[in-house]
């Protein structure tokens, strides 16, 4: 970080201390109280710990800087001042132009009912973001701590100014686009009622976190130029346990939710995903010598519209190789397992495929996977109560359930699954290494893949 920016951040923190009110000021408008939102109807695998009481007199209002200057220092100072039992109110418009490490939070509420916008300074951010080793993820701020409740009450906005990032990446694949929101070690609490707009990359990366409720979110990112707004996952979970994601609307590209390695005990319910790649397990097995685990997922009552695949499991083959893409990917060779995953009550609306099991993810041709079957074993996976329509992209094929070998999949079941093709032809399901007696698929049923 440059000298001028460092000085600016320190000055911002000092100025912010003057702007923070620990006791509510007379005449101050009443801020939105934290909503009482509970997991519903499916309950979490483990009870989410109760929060501690907040001090109603420990309230920090953040006054934005003049002329759209950097508010990072003011925001951090307020969070430090009213940490441990207080509430921070962000009810105005704020610009964040320098990185924020917020992994110190404890027993705190953050009422973000205004707007936080990240400065579109591409060159600066590429040199000054927080880096994660997993898939080159990075972000301009990182949240973490214990018993944190971040809420927007339906009005709060986090805006990533994604358009210049998408435009730049269209002509230069080396541009590293930051993720809009990252948790790293967030244990206990909730994220609710926020509008996430124009993320340069994934919208949310839930990493190394636990006992977290995410609800009533509104995600929208679309490009206004010829540059494609790609890789805009709604949520990616990684090394996280006991998370509920529910009752949200997502309009974007790529996975609506993606369960990355070591995602366990997760509920996803009541989502409406439009234009996505589905609710996906994986991709897994893309790093050699690593053991990926995904287990105990319940995915309930979600509507998938205009997606490539509604329910998707994607794992790499068993040997590392250069894969398709520009620039080419390198992946595969990892091991692990996927266990106890249920997709229940999923409505398909104009989708390419309803179900896709792909143990040859990223490969150039299928023979590569037959020679090197995936080391990620899929067991106890259930698809049930799925119906709706396809868009004809693969007509009459409605789904693909393809395993790499007879040993890499076990107890894959389908119950009451049907899809209506746009042509009116009976649905066909491409299957390989499946116990077809366990598959209640509508239409023709399984055909050879």
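Keep in mind that glycine also has a Cβ here, set from the backbone N, Cα and C atoms.
Feature annotations, courtesy of Swiss-Prot:
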ACT_SITE  254  active site, proton donor
ACT_SITE  277  active site
DISULFID  256-273  disulfide bond
DISULFID  403-409  disulfide bond
CARBOHYD  136  N-linked glycosylation site
CARBOHYD  172  N-linked glycosylation site
CARBOHYD  208  N-linked glycosylation site
CARBOHYD  262  N-linked glycosylation site
CARBOHYD  274  N-linked glycosylation site
CARBOHYD  301  N-linked glycosylation site
CARBOHYD  306  N-linked glycosylation site
CARBOHYD  340  N-linked glycosylation site
CARBOHYD  365  N-linked glycosylation site
CARBOHYD  416  N-linked glycosylation site
CARBOHYD  421  N-linked glycosylation site
REPEAT    240-261  repeat 'PbH1 1'
REPEAT    263-283  repeat 'PbH1 2'
REPEAT    294-315  repeat 'PbH1 3'
SIGNAL    1-24  signal peptide
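Features as recorded by Swiss-Prot, highlighted on the structure.
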| residue | record | DSSP (3 states) |
| --- | --- | --- |
| 136 | N-linked glycosylation site | helix |
| 208 | N-linked glycosylation site | coil |
| 256 | disulfide bond | coil |
| 273 | disulfide bond | strand |
| 301 | N-linked glycosylation site | strand |
| 306 | N-linked glycosylation site | coil |
| 340 | N-linked glycosylation site | strand |
| 409 | disulfide bond | strand |
| 416 | N-linked glycosylation site | strand |
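For the repeat 'PbH1 2' (263-283), the residues of the chain that approach it from at least six positions outside its boundaries are 39-46, 234, 237-257, 293-316, 331, 338, 341, 343, 356, 361-362, judged by C-beta separation under 8 angstroms. Long-range Cβ contacts of residue 277 (active site) within its own chain (separation 6+, distance under 8 Å): 253, 254, 255, 256, 307, 308, 309, 312.
For the repeat 'PbH1 3' (294-315), the residues of the chain that approach it from at least six positions outside its boundaries are 41-42, 45, 255-256, 259, 261-285, 336-359, 361, 374, 376, 378, 381, 383, 386, 391, judged by C-beta separation under 8 angstroms. Ranking the glycosylation sites 136, 208, 274, 301, 306 by how many other Cβ atoms lie within 10 angstroms of each Cβ puts 136 at the bottom. Closest to residue 365 (N-linked glycosylation site) in space, going by CA atoms and restricting to the recorded positions 273, 403, 421, is 403. There are 9 other Cβ atoms within 10 Å of the Cβ belonging to residue 365 (N-linked glycosylation site). There are 25 other Cβ atoms within 10 Å of the Cβ belonging to residue 409 (disulfide bond).
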